[in-house]
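Structure record follows, encoded as structure tokens.
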Amino acid sequence: IMRPDDANIAGNVHGGTILKMIEEAGAIISTRHCNSQAGEPCVAALARVERTDFLSPMCIGEVANVSAEITYTSRHSVEVQVNVMSENILTGAKKLTNKATLWYVPLSLKNVNKVLEVPPIQYTRKEQEDEGKKRYEEQKLDRLETKQRNGDVIFPIINPEPHTVGYSQSSLIHLVGPSDCTLLGFVHGGVTMKLMDEVAGIVAPRHCKTNIVTASVDAINFHEKIKKGCVITISGRMTFTSNKSMEIEVFVDADPFVDEPRERYRAVSAFFTYVSLSKEGKHLPVPQLLTETEDEKRRFEEGKGRYLQTKAKRQAQMQQA
């Protein structure tokens, strides 16, 4: 059941809270499957979350029903489909709020750096396996491309102008403790995603000065594990605005703080999209993002490309429906 500390001041449940529930369901079913046959015991670690749309807001007092299903397995990874339903327990009304696809890899309990083989699943149709293999190859390529372009760092700006990138950018520093981690001592993917949503949820209202809700999350790529004792910096900045939405780039950098003389590294990256809402829940126009540097203008155009691509896909899906 959703409680006040799960939601924003308007009573809408934080996107990060829902993402954390989605990841927990995916981790449970993946770990169960990977330990379903005799062999070395393991735990499933999150590698990637495909684009997730927030179809309907969830509110305080509603019950979240999370269901998960394994849809594809490769030799070393598991694809999981997770659906989230909200239920008003007073009226019995239910609605679909989220659909997400996640990818996990099984890591040995004896050696956190060892990826084990995944037991295969039985497909009802040959087409299901072929479609799953295609999705696997696409996400593998995208993860590689994303990791190669992750080198940016966000620096504070003195006295920035309103509606500029520097005005709304935000960072959060967090020391990874035991309660954040799995049995193997690295951070739960859901914990990381919740922190990322918190940062993006600061950037968005700083820009528009209104109530906001998460509309969607682009693919979240987990490039490297974050171990217990690391200090992580979660940074967010506005990259694109349309008339009704804001795209925010969020990335997580890890500093090994205990036992490892390793330099800071990029661990996770994603794009979050938010919409601005009135007190009545109506969409409000979003102030245009003012870009000042060439890098900001480049990121704006890239964000515009992602926005138009998503818009075209949604229109095509509506026509098919």
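Just so you know, the numbers here start at 1 and follow the chain as drawn.
Every residue gets a Cβ built from N, Cα and C, even glycine.
What TrEMBL records for 1-110 (among others) is domain 'HotDog ACOT-type'.
Per TrEMBL, active site is recorded for Asn8 (among others).
Summarising the annotation, TrEMBL assigns domain 'HotDog ACOT-type' to 166-280 (among others).
The active site feature in TrEMBL is assigned to Asp197 (among others). Cβ-based neighbour count (10 Å, all protein chains) for Asp197 (active site) stands at 26.
Annotated compositional bias 'Basic and acidic residues' per TrEMBL: 295-305, in sequence order.
Secondary structure of the region 'Disordered' (295-321) per DSSP (helix as H, G, I; strand as E, B; remaining residues coil): 26 helix, 0 strand, 1 coil. Residues or ranges marked as region 'Disordered' by TrEMBL: 295-321.
Helix, strand and coil residue tallies for the domain 'HotDog ACOT-type' (1-110), in that order: 23 helix, 51 strand, 36 coil [DSSP]. Taking a C-beta cut-off of under 8 Å and a sequence gap of six or more, Asn8 (active site) has these contacts in its own chain: His14, Gly201, Asn211, Ile212, Val213.
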